[in-house]
Amino acid sequence: MAALRAAKQALRKEIKRRVAALSDEEKLRQSSVLSKQLFRHPKYVSCKRIAVFLSMHDEVRTEEIIRDVFKCGKSCFIPRYESSSNHMDMLQLRSLQDMETLPLTAWNIQQPAAEDSSREEALSAGGLDLILMPGLGFDSLGKRLGRGKGFYDTYLERCMKHPKGKPYTIALAFKEQLLPEIPVDDNDVLIDEVLYEKDE
């Protein structure tokens, strides 16, 4: 286990270095390419209830996706992380204006306040059809390198207990976040698909 942890830490460092070398323009360009890929994806087109992460500076930008989710009349859910544990809920986002009023966490991520109990949690009602996954690194087999907290792995385990079952999972990645292989353990849940800009 210690060797696996060390290997993951080394990979996290390497990917952070690669992504930090990208200009803001390049990150926006790749994000736009991926958004368009997603909008044509059959799983996105057919989904009614979707969970979308609100991006940090080193992640694929999701604003364009969130705008499209509302334009298409889909139900949008966003993460609320509990920093003291690995617990995360997916809470309903009501509109683009609603997003603008969300408070910032210590990690500089917008999310509903801890005391906000007015929002529907995705699994307490109709479950989810699709989850867009963040992460630091990915390989072509769907292995994901997260930030080490286990929020998404734990949430996907909860999804599997829901009557609807596990939602389809799509990771959004900069090309620079792809690796030949990512070391995983039994708790790491595989992703169904990784979207990235493929060289023509």
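Residue numbers in this text run from 1 along the chain shown.
For all residues, glycine too, the Cβ spot is worked out from N, Cα and C.
Copied over from TrEMBL, here are the features:
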- LYS8, GLN9, ALA10, LEU11, ARG12, ARG144, LEU145, GLY146, ARG147, GLY148, LYS149, GLY150, PHE151, TYR152: ATP binding site (BINDING)
- LEU54, GLU59: substrate binding site (BINDING)
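Feature map: TrEMBL annotations on the structure.
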| residue | record | CB count, 10 Å |
| --- | --- | --- |
| LYS8 | ATP binding site | 20 |
| ALA10 | ATP binding site | 11 |
| ARG12 | ATP binding site | 16 |
| LEU54 | substrate binding site | 18 |
| GLU59 | substrate binding site | 20 |
| LEU145 | ATP binding site | 21 |
| ARG147 | ATP binding site | 14 |
| LYS149 | ATP binding site | 15 |
| PHE151 | ATP binding site | 19 |
For ATP, whose listed binding residues are LYS8, GLN9, ALA10, LEU11, ARG12, ARG144, LEU145, GLY146, ARG147, GLY148, LYS149, GLY150, PHE151, TYR152, the greatest C-alpha pairwise distance in Å: 21
By Cα-Cα distance, the member of binding-site residues LYS8, ALA10, ARG12, LYS149, PHE151 nearest LEU54 (substrate binding site): PHE151
Rounded Cα separation (Å) that holds between ARG12 (ATP binding site) and GLU59 (substrate binding site): 13
